[in-house]
């Protein structure tokens, strides 16, 4: 995680005191130590009816002879100290909020950069490079979806995402037990002290919604004194199971509290791309930067010969058109008969199909 340190800037607003207007007129009957407003001397700088107190004076270390800041009396000094503590709390709160916002911005930037890889290889501008056999097919690097583990991936710094359709293991509740269905039918061969399910003697204990009974926690602690308790009193082997389940729940809660929020979050597996022709679904992993590097690599190219039948035209002049991507070549007058030239046309027409 990136730590963001914000320097605390000294703010002089909390050091500002209002000047007594009666003192400015020379009619204030209260002394400096009694008036709730400031009585600054002439050397102090007063602006808009306010004066700034001397910070060094609050610490008891001002050595200036004619200080332009106010040296407040004890009662105003106490007020300024309270203002200073409140201002420090506000600055720390603002710094913490700023650091949290910066952390969220960094996390969003990291997540947005994951989806910025090109999805298709770039085709070079050179025509022969368009038929480059070294350009990887867009389907290269695709992994079948069944080879990807179904377990979620843990990565740092991402906001937690919901996992639709993910069902975790069913945890045993520490205050309820499932009733034995065989016992309800009257054909349970296991005894009350051997069956892993509850054998309640009173049918009113059973909750019809989930077929469970509520455990009497006082009985487990050995202090149930009710004659007809409406809760189930489990045998010893079921008590051991309940205590183990309770311990497991406490351990899981402690482990969850140990993780910092935002450190490890679950993200779902990337959804597969369904093929319309019924082929195996695939997904695109983050290998496109390697694919892009191979695409931009300039390699020597072999001559391109298109597949299928080739249609040739008889030359009408001394310019013979060559294959795609090559430059036209000027040839001299033919010294051999036209029938020996591979591109010559027969007498029946000017087209020849190989």
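Our numbering is plain: 1 for the first residue shown, then up by one each step along the chain.
Just so you know, glycine gets a Cβ as well, placed from its N, Cα and C.
According to Swiss-Prot, the zinc finger annotation covers 14-42 (among others). Each residue of the zinc finger (14-42) gets a DSSP state, and the totals for helix, strand and coil are 7 helix, 5 strand, 17 coil.
Within the chain, the zinc finger (48-74) has long-range Cβ neighbours (under 8 A, six or more residues past its boundaries) at 12, 15-19, 21, 24, 32-33, 38, 40, 80-81, 84. As annotated by Swiss-Prot, zinc finger applies to 48-74 (among others), with the evidence given as sequence analysis.
Per-residue pLDDT, averaged over the zinc finger (174-202), rounds to 82. Residues annotated as zinc finger in Swiss-Prot, with sequence analysis given as evidence: 174-202 (among others).
Residues or ranges marked as zinc finger by Swiss-Prot on the basis of sequence analysis: 210-236 (among others). Assigned with DSSP, the residues of the zinc finger (210-236) fall into helix, strand and coil as follows: 5 helix, 5 strand, 17 coil.
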Near the zinc finger (174-202), which same-chain residues lie under 8 Å Cβ to Cβ, leaving out any that are not at least 6 residues past its ends? 210-215, 217, 230, 232, 234-238, 241-242, 245-246, 249
